[in-house]
Amino acid sequence: MAQSQVTENRALRCKPRRGAAATATTTDNNNGSAGSSGCLKTSAVDMMKKGAGGSLAIVVPPDGGWGWVVVFAAFYCNVVVDGIIYSFGMLLKDMVDSFHESESKISIVGSLLNGFYLIAGPFVSALLNSVDFRAVTIIGSIISCIAFACATYVQSLYQLMFCYGIVGGVGFSMIYVSAVLIPGFYFDKWRALATGIAVCGSGIGTFVLAPLNAYLVQQGGWRITIVVQAGLALSCALVGILFRPLKPTIVEVPISNNPVVMEPKIPEDEPLLTINAERKMSLDSKHNSSKIGAPTVEEIYNHLSDRLTSEPQKISLSCHSLNTHHQYLKDKLSPPETPEKKLSVVSLRRPSLSAHLMDRDDRFFGGSLSRLPQYSSQVSSLNYAMSVTRIPAWNEIEEEGEDPCAKNNSFRKNMKKYYKSAMHTLTTMLDFSILSSPSFLVLTCSGFLTLLGFFVPFMYISEKAISEGMDKNVAVWLVSTTGITNTLGRVICGWISSYESVDPILVNNVSLTFGGLYTILLPILPYSVFSYYLYASLFGFSMACFASLRSTMIVELTGLELLTNAFGVLLMFQGVAAAIGAPLLGLFKDLTGNYNMSFYLSGVILVTSAVICYPLRRVKKWEEDKKLRQHNV
């Protein structure tokens, strides 16, 4: 393993390079004091390889407890964010009357909100790797609240686009990304259920907020409506307080070949877990650390403890926080201080490496983990967490401990650490070289087309129905109907896709095909209230499959280890499509005087996005065969 080669006895100076997402403690020289310069350090890995032992800190989901509180908090955040986004069409007519602009131009405001909450996703993920879910959610809530409040005072449409669309979209992205990812932070075994409950807030929010927005617009206009939306956005900050960080689990690297068990000092800590790993801890051949850029915790553990992956091992884990671990060592190893001699606590602390929030291959996977061979081959969630958690640049990490050289520059060094951890995630997610994969390129084109036509029905269906003669009080519930069937579709699709025999790519293609066909047929069928509500129901159900299976399809094509990269690139393309789709297709309403052409084109685009994905399995097989032939040459 190329990245695991560590140079022995490497000494680093005061201002050395630091890994993106890990920390380590220091050691002194042989006589227990710092060198003559007082600034020499030894990397944590060097210390571990010399037999000093140490610890690897990773977060293992508890699969319950406070996690269910977090799930319902995430559910509420999705209710607010997606409810406001999908019901923007309720404000459309009143904004047209206020700004005296065309509907297609007014729809840019809502499309920017749709687009930027996706486009900002990779940047928010990078921020999460430096901070945490709670802080990002609260900051995003405040940003969107301020943006919406400012939008109520604008006198120009372009000012509204900036405040409500762009700034509000960035704030919503911070809430949305945190709410979608945090269930996976707390759950492994029940991840599909937890994530499913959280994302169902999208449909429920559409169901509730569409008629609420219509009522508020009717009573006080679009400005009053946005004031209420600002209050709802701010309420996500209160809910975000419930996103409590988890304490890391300590994986002990033994001093000798025999495992070392570190008993928790404080009884309140979680109990010691010792796993009998009576299995072959083999790694898939495609888990190439040199390509991914960082080894897994499992690889580090086996390497540092001089274990062969082909032999069954007994891994000792101590489930208590890293801080508690250090305090325990301090109390156990440090004698009472005396005037004659003071032992340095730093010199007695064992070296440690820790992973950050986004340093897991499955962080963006919202489906059932039973579909993943990495999960089914493990004996527990702890072993699984070790196999999918990575520690970037672990062989270059050095100490950020308490030494005279570090104290004067602690703020600058902390900022540098946060910057590097954020940039590691951002560069991983926005690595566009993944588009060289033909199968992923096809999936990306399909995702772009899907989002290009996706928001047209949400934006225009109520106005289209009213133009056909439907009563306003009846038409307002069309978007709500789409929302409630979307919720039902997410539940059913999540349940079906948990079976390994079900092909998620085929399910996605079929659902997009029918969703597009329904959209094409709507203007053709004779007008009736029943036909419109039937369309809203079927469209919401079909689009639920696309939303639910996005991460599962990516894993099917790229493997789990490239999910973060693929998801980031896909978000960017889908965000751009969402930002331009509804306004672009809405132009045809201005040209023709009705919405029929907009719906025709939206349906054709959705069907096309499905059709190009039907041969995706064959493209993937051709791609793998080509790589195999090149490898054998």
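Glycine residues also receive a Cβ, built from the backbone N, Cα and C atoms like all the rest.
What TrEMBL records for 19-36 is compositional bias 'Low complexity'.
The feature domain 'Major facilitator superfamily (MFS) profile' is assigned by TrEMBL to 67-621.
Annotation source TrEMBL lists region 'Disordered' at 15-36.
As annotated by TrEMBL, transmembrane segment applies to 65-85 (among others). Distant neighbours of the transmembrane segment (65-85): 110, 113-114, 117, 137, 172, 175-176, 178-180, 182-183, 185-187, 194, 197-206, 208-210, 213, 229, 232-233, 235-236, 239-240, 242-244, 483; these residues of the same chain sit at least 6 beyond its ends, with a Cβ under 8 Å from one of its Cβ atoms.
Residues 81, 84-85, 88-89, 91-92, 95-96, 99, 136, 140, 157, 160-161, 164-166, 168-170, 172-174, 176-178, 181, 358, 422-426, 429-430, 451, 455, 459-460, 564, 568, 571-572, 574-583, 586 of the same chain sit 6 or more residues outside the transmembrane segment (106-127) yet have a Cβ under 8 Å from a Cβ within it. Look at TrEMBL and you will find 106-127 (among others) tagged as transmembrane segment.
Look at TrEMBL and you will find 133-154 (among others) tagged as transmembrane segment.
TrEMBL lists 161-186 (among others) with the feature transmembrane segment. Remote same-chain residues near the transmembrane segment (161-186) are listed as 59, 61-63, 66-67, 70-71, 73-75, 77-78, 80-82, 84-85, 108-121, 123-125, 127-128, 133, 136-137, 139-148, 150-151, 154, 194-195, 197-199, 201, 226, 233, 236, 240, 243, 246, 357, 362-366 (criterion: CB distance under 8 Å, separation of at least six residues from the stretch ends).
Using a Cβ-Cβ cut-off under 8 Å and counting only residues 6 or more beyond its ends in the same chain, the transmembrane segment (192-212) has close neighbours at 67-68, 71-72, 74-84, 86-87, 90, 179-180, 182-184, 186, 228, 366-369, 458, 476-477, 479-488, 490-491, 494, 498, 540, 544, 547-548. Per TrEMBL, transmembrane segment is recorded for 192-212 (among others).
According to TrEMBL, the feature transmembrane segment maps to 224-243 (among others). Outside the transmembrane segment (224-243), and at least 6 residues removed from its termini, the chain residues within Cβ reach (under 8 Å) are 69-70, 73-74, 76-77, 80-81, 84, 90-91, 132-134, 137-138, 140-142, 144-146, 148-149, 151-152, 164, 168, 171-172, 175, 178, 182, 212-213, 216-217.
Among the features that TrEMBL reports, transmembrane segment is placed at 440-462 (among others). Same-chain residues lying 6 or more positions outside the transmembrane segment (440-462) and placing a CB less than 8 Å from one of its CB atoms are 86-90, 92, 103, 107, 110-111, 114, 118, 206, 214, 434, 475-476, 478-479, 482, 512, 516, 519, 532, 535-536, 539, 543, 546, 550, 553-554, 557-558, 566, 569-570, 573-578, 580-582, 584-586, 589, 595, 598-599, 601-606, 608-610, 612-613, 616, 619.
Feature annotation from TrEMBL assigns transmembrane segment to 474-497 (among others).
TrEMBL lists 562-585 (among others) with the feature transmembrane segment.
As annotated by TrEMBL, transmembrane segment applies to 597-616 (among others).
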